[in-house]
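Have a look at the structure below before the remarks.
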Ligand code: NAP
Ligand code: MN
């Protein structure tokens, strides 16, 4: 695999600028080319934390022909970061290795009404933006499954399962399983209103549809990972697993479950 064009994605802070200067030097020494235009890259390096990695992937449009590499500057190895900032030897070794093993992370594809679809690496979240409850008709494929009334819902990818999903008691899901998980945010459950009230996991071949019941609260906040979508009156949201995958490097002793263990246990 001939990947030689590097693009660095980071917040332009003094400390990071200095660090990236160092990476530039290192890249040159090993015959890599650093490009200023992400479109010309085939390796995109995110420098920061998981939040930065999510942005790096989003701002470069979920590239299929790129390898994404996360370098952590937060002191801990995060879920999407495989290298500590000071492990430059390890980075060089991994990038020069003939056959760098590639890890593929499933992402979800979301379509809101007739707008162009967008992708999420962590999750898509739909939340009431006002004090009133949000009402959503929930369909799995073409089955009307339930009517949700509450704060909102989260649809997460396997790698997103350790983020927002986990805070609302969703299960942690192995990214080798191409699927999406649906969790609720404070559902009302009474003799009048009923939802499953537990997280559920859909196979990668299913489609989830949420229809916003037009009852006056029709301007929910829609989140795609760490960014809000600026679509106003929402009627229908269609969510499915994308055929796309995000490729990242796979290192030794750094399986998903090793990451989960060192992050949470
Ligand atoms: P943030 O509010 O600064 O981050 C929240 C925390 O989640 C950070 O510590 C971040 O790590 C971590 N994180 C992000 N993706 C993760 C993953 N896949 N597994 C485990 N931890 C993860 O915002 P952000 O850094 O831009 O991250 C956006 C994400 O925050 C959203 O996609 C959502 O999942 C999550 N979020 C969680 C809650 C909640 O738990 N109540 C509410 C809103 C959003 P870093 O410090 O390394 O960036
Ligand atoms: Mn963050």
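Positions of Cβ are set from backbone N, Cα and C atoms, glycine also.
Those TrEMBL annotations? Automatic predictions, nothing curated.
Just so it is clear, the model here is predicted, and its values are computed rather than measured.
Here TrEMBL flags 50 as active site, proton acceptor. Classification of residue 50 (active site, proton acceptor) by DSSP places it within a helix.
Look at TrEMBL and you will find 50, 51, 122, 123, 149, 151, 162, 163, 164, 165, 166, 167, 186 tagged as NAD(+) binding site. Remark: residue 149 (NAD(+) binding site) has 133, 134, 135, 136, 187, 188, 193, 195 as non-local neighbours, by Cβ distance under 8 Å and separation of at least 6 in sequence.
DSSP assigns residue 166 (NAD(+) binding site) to a helix. Between the C-alpha atoms of residue 50 (active site, proton acceptor) and residue 162 (NAD(+) binding site), the distance comes to 11 Å.
The local packing around residue 186 (NAD(+) binding site), expressed as other Cβ atoms within 10 Å of its Cβ over all shown chains, amounts to 13.
Proximity of the binding-site residues 149, 166, 186 to ligand 1, judged by a Cβ distance under 6 angstroms to any of its atoms, singles out none of them.
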